[in-house]
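Got a structure for you, written out below as structure tokens; questions coming shortly.
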Amino acid sequence: MKLQLHLALSLLAAIVAANPIRLDQRQITGNELRDGSCHDVTFIFARGSTELGYLGSTVGPATCNVLKLRKPGQVACQGVAPAYIADLASNFLPQGTNQIAINEAKSLFELAASKCPNTKIVAGGYSQGAAVMHAAISTLSSTVQDQIKGVVLFGDTRNKQDGGRIPNFPTDKTKIICAFGDLVCEGTLVITAAHLSYIDDVPDAADFLVGKL
């Protein structure tokens, strides 16, 4: 088991090293719910393992930017951080992430609902961030869940384990995007090139979320 964990972590680290983060993306923080005023739409996102910043470096900031373009002046973007550190080892825990990350995500949904009762919440997660969303959203109160209009999950590490859905949450509000050949969607933690391809799916994901507003 220790050897398997070491090999998996080594593979993940090698892929991260081969996929450098752009400086402009790294500087995006996405702390607008906590630090800003209420907006018509609040986008809450959990980044993938090893990604930096509040929104991460790939699909998180890209989805935020597309939403802001399609709903000018109406969208606040909030990443699940800093308590959620997006470490590699937490992928191997029973829920695919750790309880600290889950609690932080839950608290952000609850903050959006209490601070901005009229905002429409949309959400997303990538890789381990998708696992964060599965666990957090499934345990929210029905009142807060009702305020969530749509969720998009990229490269969902809990896709197979949870039957292609977020437990206790409407399937028509959920879009799980799994690229052909992405083995994490099949219940493994084997990282292939397909797991790094989701930037191409951002427009479709944003269309889904906008369509739910």
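Any Cβ shown, glycine's included, is placed from N, Cα and C.
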Regarding the disulphide bond with C64, report which of C38, C77 Swiss-Prot records as its partner.
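In Swiss-Prot, C64 forms its recorded disulfide with C77.
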Quick one: Swiss-Prot says C185 makes a disulfide with which of C116, C178?
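Recorded disulfide partner of C185 in Swiss-Prot: C178.
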Could you state the CA-to-CA distance between S49 (site 'Transition state stabilizer') and C64 (disulfide bond) to the nearest Å?
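One finds 18 Å between the Cα atoms of these residues.
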Which whole-number value in Å describes the distance between the Cα atoms of H195 (active site, proton donor/acceptor) and D182 (active site)?
5
Taking the Cβ of C116 (disulfide bond) as the centre, count every other Cβ atom within 10 Å, in any protein chain shown.
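Around C116 (disulfide bond), other Cβ atoms within 10 Å: 19.
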For C38 (disulfide bond), which residues in the same chain are close in space, meaning a Cβ under 8 Å from its Cβ, but six or more apart along the sequence?
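Same-chain residues close to C38 (disulfide bond) (Cβ under 8 Å, separated by 6 or more) are A76, K115, C116, N118, T119.
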